[in-house]
Amino acid sequence: MEPGLSGERRSMAPLLEYERQQVLELLDSDGLVVCARGLGTDRLLYHFLRLHCHPACLVLVLNTQPAEEEYFINQLKIEGVEHLPRRVTNEIASNSRYEVYTQGGIIFATSRILVVDFLTGRIPSDLITGILVYRAHRIIESCQEAFILRLFRQKNKRGFIKAFTDNAVAFDTGFCHVERVMRNLFVRKLYLWPRFHVAVNSFLEQHKPEVVEIHVSMTPAMLAIQTAILDILNACLKELKCHNPSLEVEDLSLENALGKPFDKTIRHYLDPLWHQLGAKTKSLVQDLKILRTLLQYLSQYDCVTFLNLLESLRATEKVFGQNSGWLFLDASTSMFVNARARVYRVPDVKLNKKAKTSEKTSSPEVQETKKELVLESNPKWEALTDVLKEIEAENKESEALGGPGRVLICASDDRTCCQLRDYLSAGAETFLLRLYRKTFEKDGKAEEVWVNVRKGDGPKRTTKSDKRPKAAPNKERASAKRGAPLKRKKQELTLTQVLGSAEEPPEDKALEEDLCRQTSSSPEGCGVEIKRESFDLNVSSDAAYGILKEPLTIIHPLLGCSDPYALTRVLHEVEPRYVVLYDAELTFVRQLEIYRASRPGKPLRVYFLIYGGSTEEQRYLTALRKEKEAFEKLIREKASMVVPEEREGRDETNLDLARGSAALDAPTDTRKAGGQEQNGTQSSIVVDMREFRSELPSLIHRRGIDIEPVTLEVGDYILTPELCVERKSVSDLIGSLHSGRLYSQCLAMSRYYRRPVLLIEFDPSKPFSLAPRGAFFQEMSSSDVSSKLTLLTLHFPRLRLLWCPSPHATAELFEELKQNKPQPDAATAMAITADSETLPESDRYNPGPQDFVLKMPGVNAKNCRSLMNQVKNIAELATLSLERLTTILGHSGNAKQLHDFLHTAYADLVSKGRVRK
């Protein structure tokens, strides 16, 4: 067994020189660390986790994912740490969580659990050593973490707060974004570590890997398609600006349209007025998304996959034709022509043929048989083959380096990895032919023509992969060819070993059918077992790490893995000497730099494959430039930032920790009699556990109102013993109205509380309209949201609707509604369920007969209680006279309706109906 491939996993490499400087700075003073992408914020966090893995400490970690927590725990276990971090999830009973906290060490817990435990006192706040915040740039968007830090600082003035992030671009939006983040984190220091930092740059330059940049030239057809897509993209952007003059012109540039964050940028501008936009603008936004996908497919996948996407768009031409016409531009025609030319070509019809003859013989079926398949190979495939050939040649003379070096090929996603595996296993011809057959099954006759030509001399065949010798694909795989097939477990689908194929062209029918069964264009294809008749072994998963034969070659995706550290594990366990970057990804490039620097003396060569002059190259360069500009902006902000001494909240002078009206930015309303409603009783609100995903509980708490988190079946907020609130966002409101769930909720609230309230909360940055534009000029329908809302208020007369533009307005409204009112009881609120029968509000009435009586003509919510107070049961009600009913109901018309309903015979009703007809 070879070194580095044993069952024992390797521990994380020791800190580098500049990383030690980061740790010393952060140990000296709390702060926010902003690193460049890939420079190892996880390594920094891991070091602090290791420092505090001791029962004498109690450190909380926020904003980590389960996969990351598992990775950190495993790494600490490898290093022999005894007191490992623990996870606090909903599987641990609430009454036993206090014991978990008092055992000390590192605690990974969800934000909702921590908020509830802070509010209920289950967590010993005064014993907390500190809090580590991961992905600190999200502290404003995710309100729960900010709430936790505020609760922590209110009860603990000594503990530390250290925050980490590697997303500098996130601070580039909004006004004083980084300052607001630091305010929510209660930190005064900002530590910036860009890639161009002197300490980082000088150290990594001393240990930089050998980089071989290979600028691959796109084929003429690919260049023509790229130009056409860019022309269409530019036309759509101009039209979008024309229809929406208020949009920022700089952000809607063609360069920004190529980057990944463009969809988020355009939604940021259009969301506030999305309901006011016409169909044209909405269609253009969708078109931009499709065009960006086309650009990605062009450079990422093969010619057949790209053509299949285009043809599917053409198949939905009617849908697009109603909204936008980019499919009918000249550039679109050029794109389709060149995309088809990469896959097949139709021979020119001789001009001297008579028109009648051509009409008789040019049926669609006959024309299809005249297609000659071209199946243009991806230029990067050939570059990859050349690289593997070079690596193999070097491995033959690698005795001085300790044997052949392992190879790691990194592509963007699972689909690309599967295509590379199949290409290296079967060759370009077989792979593309199989994919063509799978995608365009109806063109069977055309395939036969191409296959027949292929078996002959084949002068018309123009597949690019034929330009190199047939033995070339197999030469690179001479060592892997003898390996056994791998059957990977489901959780290891992201790891794929490159397998060899037979030397001869797969002309045998059985072999071709075998190849056709291999999935190539779907992500699931990575999990398909590659079978060969000569190899029928089921080896363990260790075979994926090359224990059987050398040199080991692994293909791994850069993105899309369920485990974010899958690639890191492969890198450190396989220890490749050669890394082939099939796709450019900034984070992994930096990760390779750190990997090389942490292994001094061990060679590492990185092959960088990129299309020269392509949108792929432009995207990579734009990402670099945006990160550099973001750091430059942060450096300027740091130089001019004014940070108050009390920012860390270690004394009582920090206003952010104050509760009540003194802490609010809004001016005090003197009409409220100076707040005389505070008569010594602390205000409180009973809140449902599920509501802690929103920002509202945090804002209520900041207003000086205590929160009692419990599990409620009826309502979301209990403000007073009589006032129950059901909170709905606009989308939730519409869904609940359509499903009937809101009716059941209002029924339960009306039954058990005197003042049921429906709170409709909408985001001020996302205005909405319950009815489409021009709806009032049309006939109203019962399916409309407005109609259903009207029916709801008619059915529940005591139900009140509250419209709030933001959680801040809701918190202020709740405070006003609670003035001079008694406080709710959490135990009573928890006891109220949809099936409750004996309750303070309804202990005198049976809910079943009450609902039945309300359905009778003449009985409504106003006279129902009077009727139930004076009549014992339904049998007695049926014996009452009209005069007695008039006295009870207080209205002669209602009394007559009820009396007629109870005493009119069914036959009389039928006869009256016939008379009316």
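Just so you know, glycine gets a Cβ as well, placed from its N, Cα and C.
Per Swiss-Prot, the annotated phosphoserine among residues Ser534, Ser765, Ser781 corresponds to Ser765. It is 270-298, from the ranges 270-298, 589-617, that Swiss-Prot records as region 'Leucine-zipper 2'. Ser522 is the residue among Ser363, Ser522 that Swiss-Prot labels phosphoserine. Across the range of the region 'HhH2, dimerization with ERCC1' (838-906), the DSSP-based residue counts are 42 helix, 0 strand, 27 coil. Summarising the environment of Lys289 (N6-acetyllysine), the number of other Cβ atoms within 10 Å of its Cβ, over all protein chains shown, is 12.
Secondary structure by DSSP for the region 'Leucine-zipper 2' (270-298): 27 helix, 0 strand, 2 coil. When pLDDT is averaged over the domain 'ERCC4' (684-764), the result is 89. Mapped onto DSSP helix, strand and coil, the compositional bias 'Basic and acidic residues' (643-653) counts 4 helix, 0 strand, 7 coil. Applying DSSP to the domain 'ERCC4' (684-764) sorts its residues as follows: 34 helix, 26 strand, 21 coil.
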